[in-house]
Every structure is written in C-alpha cells, then in structure tokens.
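Here is what TrEMBL records for this protein:
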type     : residues  : note
DOMAIN   : A:70-299  : domain 'ABC transmembrane type-1'
TRANSMEM : A:16-37   : transmembrane segment
TRANSMEM : A:74-95   : transmembrane segment
TRANSMEM : A:107-130 : transmembrane segment
TRANSMEM : A:163-184 : transmembrane segment
TRANSMEM : A:281-303 : transmembrane segment
Amino acid sequence: MEKINYYLEVIIKNFLGFWALFSGFFFPFIVFLILFYESRLAIKNFGVIKFITTSTWDPVSQNFGGLTMITGTLISTFLAILIAAPVAIGIAIFITELAPNVLKGVISSAIELLAAIPSIIYGMWGFLVLSKFMRSYIEPFLQKIFSSIPWLGKLFSGSPTGIDVLTTSLVLSIMIIPFMASVVKDSFNLVPSVMKESAYSLGATKWEVIKDVVIPYTASGIAGGLILSTGRALGETMAVTFLAGNVVQIPTSLFSPFTTITVALANQFTEADTPLYLSSLFYLSFLLFILSFIILSLAKLMVLRLQKRWK
Amino acid sequence: MLLISFLTALYGLFWLFWILGTLFINGFKYLTFDLFLQDPNPPGIEGGGLRHAFVGHFIITSLATLIGIPIGVCAGIYYAEYGRNSKFFMSLKNITDIMVSTPSIIMGSVMYALMVVPFKQFNALSGIFALALLMIPVISITTYEMLNLVPHTLREAAYALGAYKWQIIKDVTMKASKVGILTGILLGVARISGETAPLLFTAFNNAYLSFDLFKPMATLTVTIFNYIMGPYDYWHKQAWAAALFLTFLVLVLSLLAKALLYFGTLNPLKWKIKK
C-alpha cells in the first residue's frame with residue numbers, strides 16, 4: 001500500500017508538472033515558433049526594418065509592408081489609453097476612498113460587467129448606434145470648435161463619417177476602463193492604512209491624502225495598469241474591425257478611416273491567395289504577439305514590484 | 001476634485017447602460033421561437049432562424065471547455081502545490097498570467113497554420129482548439145490563486161498525519177477551494193463564449209446545421225459578424241436578437257461566478273477572514 005501511494009505520488013506530480021510546463025512554457029513557445037516559421041517567407045523577402053518602415057500593402061504586385069497597420073494600431077491604442085486613464089483612475093479613487101460601503105460593491109461589479117460584454121457586441125453597437133451618433137452630433141460639433149485653431153484644426157479636418165480613428169479609440173477606451181480600474185484599485189488597496197491615517201492626523205483633507213499619499217505610493221501600480229490595458233487594446237479585434245473602416249492608409253486626422261494589424265488579419269486571412277501574402281499576414285501577427293508579450297511582461301513586472309514593496 | 005471622481009464612475013455606468021439598453025430594446029423585439037428552432041432561409045428571403053449557429057456555438061464552446069478545464073486545473077494545481085517555492089515554476093506562472101491577455105486573434109492564426117492548412121479546409125476542430133488554448137491560462141491562474149488562499153496550516157496538519165502530497169491535494173486543498181475553482185471555470189467559459197476573432201478563420205462559418213467537426217461550423221459570434229456586415233434588414237434584426245442572447249449568457253455566467261465566490265459555503269476567502 002505504501003509503495004502504491006509512493007508511485008501514485010510520483011505519477012501525479014509528473015503529470016501535473018507536465019501540464020504546468022505546457023501552459024507556462026510550451027504553449028507560448030509553440031505559438032512563437034509557429035508564427036515565426038510561417039512568416040519566414042515574408043521575413044526573407046522584406047527583412048525586419050524594411051517591413052516595419054514600408055507603408056505599401058499591395059496584394060496585386062505582391063509587395064507588403066506593415067507600417068500602415070502598425071501605426072494604426074499604435075495610434076488607436078494610444079488615444080484609447082489617453083481617454084481611459086483619467087476615467088479609470090477616477091473610478092478607482094471613487095471605489096476605494098469615497099464610495100459608501102453599500103455603493104462600493106455595486107459600482108465595482110457594474111464596472112466589471114463592462115469587461116464581460118463580448119467585444120463583438122461593442123463592435124456592432126459602435127457600428128450601428130455610436131458611429132451614427134458621432135457622425136451627426138459629436139464630430140460636427142468638435143469640428144466647429146477646433147477648426148479655427150491653426151494647429152489643432154488639422155486633427156479635426158475631413159468629413160465626419162463616424163467610422164474613423166476617434167470612434168474606434170472611444171470604444172476601445174470603454175473596453176479597457178474596467179481592466180485599468182481594477183489594477184489601479186488593487187494597488188490603492190495595498191497602501192497601508194497607517195500611512196493614510198498619519199496624513200489625516202496631520203490635518204490633511206481627503207483629496208490631499210489621495211494626491212500626496214495614495215497616488216505617489218502606487219505610481220508603479222498605476223503605470224502597470226496603464227501598460228496592461230495597452231496590451232489589451234493592441235490585440236482588440238472585433239470592435240476595431242467594425243469601426244476602423246479598413247482603409248489601408250495612415251490616418252491624417254481623427255476623422256479618417258484607417259486599419260490596424262488586427263483588422264488586416266480579420267479581413268484578409270481568408271482572402272490570402274499566394275504564399276507570400278499569407279506569410280506577410282503571419283508576419284503581422286508575429287509582430288503583434290511580440291509587441292503585446294513585451295508590453296504585458298512590463299506591466300506584470302511593475303505590478304509585482306509594487307506588491308513586493310508592500311509585503 | 002472629489003466630484004470629478006464621482007463623475008468618472010457615472011461616466012462608466014453611462015456606457016454600460018447605453019450599450020445594454022440599446023441591446024435590450026433592439027434585441028428583445030426579435031427574440032422569437034423561430035430564431036432558436038429554424039434554420040436560416042436562403043439569403044434575401046425573410047424569416048428563418050439561427051438554429052445552426054446556436055447548435056454550432058454550443059458544440060464548439062462545450063468541447064473547448066472539456067479540453068481546457070482539465071489542462072488548466074492541472075497546471076494551476078502544480079503551480080500552487082509543487083511549484084510554490086521554485087523560481088522556475090513561479091516565472092512560468094507569470095508567463096501564463098501574461099498569456100491570459102494575449103490577443104485572441106493570434107490563437108486563430110496559430111490554429112490556422114496548425115490545422116486548417118494541413119486539412120486544406122476550415123474545420124470546427126481547429127476552432128475548438130483555438131478556444132481551448134485561450135481558456136487554459138484563465139483557468140490555471142484562477143485555480144492557482146484560489147489554492148493559494150487555503151491556509152498553509154491545513155496542509156501542515158495533513159502532513160503531520162503522514163499524508164502524501166497527492167492525498168493532501170485530493171482531500172484538503174481541492175476540497176477547500178472547490179467553489180473558487182468552479183468560479184475560475186465559469187470565468188473561462190464566459191471568456192470563450194463571447195470570442196469571435198479566433199473563430200473567423202478556423203471554424204469559419206456555415207449556412208447549414210452541421211455536426212461534422214472536420215467541416216466548417218457556424219457559431220453565434222461569427223454569424224452576428226456576417227449578418228451585421230450583410231445587406232439585409234432582417235439579418236440585422238436577427239443579429240440583434242442573437243447578440244442579446246449571447247450577452248445575457250455571458251453576463252449571467254460572470255455574475256454567477258461572482259455570486260459563487262461571495263456566497264459559496266466552502267469559500268476559501270472565509271478562511272482568511274476567520275484568521
């Protein structure tokens with residue numbers, strides 16, 4: 001009996017260990033290898049630097065460069081973070097420091113529900129509801145205000161269609177608010193209450209405690225939250241596919257349609273008819289994987305550092 | 001300033017209600033029995049339903065869940081019970097955590113290379129594997145976290161009685177964190193049942209009811225995508241109804257997961273409170 005138990009222990013340990021190795025090592029490694037292997041043709045033909053600095057994407061003459069998609073992804077992600085960051089930090093402050101206990105649970109669950117809505121729902125809602133609203137009200141209004149300002153006016157030029165950079169970034173920002181808010185909220189909760197209480201005892205107001213104690217001490221947590229949501233926004237596919245307009249051009253204003261890496265993948269994967277075309281698409285997804293992996297690792301490191309400091 | 005932070009919370013809620021509101025108003029009208037029981041008519045002819053997509057969605061998500069759960073739970077148990085003190089396995093755990101947020105469309109392209117190109121045909125099986133791969137990190141991380149909440153003293157008590165590690169896992173830690181692990185599984189199912197991107201070029205789409213795993217299979221999400229992009233008005237209506245159903249399903253799953261965690265009788269969080 002003792003022997004059986006011993007062997008069972010060895011078998012079970014190794015069995016579980018295999019799957020741990022699989023999900024932590026083989027799985028990401030296999031993804032990396034397959035994407036790299038499939039994009040070898042494009043890497044050989046276009047190289048690395050040339051691919052990310054060329055903006056032609058021409059299936060007819062078989063000439064592919066990823067600059068347009070990469071810029072599109074970066075611009076929409078950046079704008080989404082810009083819109084979402086103040087809101088997410090505000091929500092985290094409200095939930096951790098201000099809300100009465102009854103409201104706390106309700107509001108944080110409601111915000112988390114935003115994260116549970118599938119991205120295709122954001123996409124169709126944005127496409128059928130929000131984009132029309134943006135086209136007829138918000139965008140002409142913005143244009144009226146900003147068009148007379150010399151430098152900013154350029155950002156708001158062109159005819160408002162609703163299917164453009166601005167709407168895409170707005171919808172992306174709504175989608176990432178819950179992720180950002182929850183990371184920021186968790187790091188706010190890590191601040192020892194002694195720190196806050198000592199500031200209160202010196203006569204600080206609630207706002208001063210938040211501004212001078214809570215936020216400085218959780219800076220790396222906030223940064224981690226921002227970067228984590230950058231990683232999320234980079235890979236968002238369905239919402240962007242509906243709203244970007246899928247025009248292969250580098251956007252010149254907030255009202256121009258554009259394309260991103262994920263839009264190109266979603267629209268063209270089934271159309272790719274030559275090996276080089278397909279390989280270029282794999283190259284794009286390879287770049288997206290590397291980019292998001294690096295960004296998410298950075299976020300993870302920052303959050304881990306904060307947790308270590310407070311333990 | 002404090003007022004502004006209150007307003008940001010309202011801003012978040014405003015979008016939530018706007019989205020759910022339009023979804024309900026537009027979708028509820030078209031939620032008929034035909035939608036669930038009829039196959040679609042040829043394009044352009046009004047009527048019909050989305051039975052093929054409901055069935056396909058159920059097959060694909062449930063098979064993906066069946067593959068994803070055991071792998072995810074096994075990996076999570078190992079991280080929590082054996083790998084706790086090993087730097088190597090803790091960094092693997094962190095990599096798994098990163099994989100939770102990896103763009104889902106990447107899984108689609110990987111499965112396209114692995115299973116669609118060799119078979120020379122879009123097939124449901126590749127979609128199932130893509131979703132299962134997406135689910136594994138979610139489940140293993142929640143399992144790890146839930147097992148981590150079980151106090152160490154419980155394990156030490158079992159060791160003192162001469163138990164093997166696998167017996168402790170079976171009789172002590174898994175028992176204590178049963179509800180927590182179930183929560184993780186529900187969250188994983190909620191995550192994959194709303195996914196579209198990895199299915200676009202793996203399971204693809206099918207206008208007919210199909211049970212063949214080696215042929216393309218329709219899913220709700222891809223059907224919604226095609227119907228919204230399509231030209232017919234009644235397609236849009238059916239897509240709204242399907243979207244309402246899908247959102248309702250996903251929201252119920254995630255609310256259920258939350259409720260379990262708070263009200264579960266064997267809730268590991270309670271151990272912490274008692275201490």
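Using N, Cα and C of the backbone, Cβ positions are placed for all residues, glycine too.
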Interface present between the transmembrane segment (A:107-130) and the transmembrane segment (A:16-37) (three or more C-beta pairs under 8 A): no
For the transmembrane segment (A:74-95): best-contacting stretch of A:107-130, A:163-184, A:281-303, by Cβ pairs under 8 Å: A:163-184
Beyond the flanks of the transmembrane segment (A:107-130) by at least 6 residues, Cβ under 8 Å: 91, 94-95, 99, 162-163, 167-168, 170-171, 174-175, 177-179, 181-182, 185, 236-243
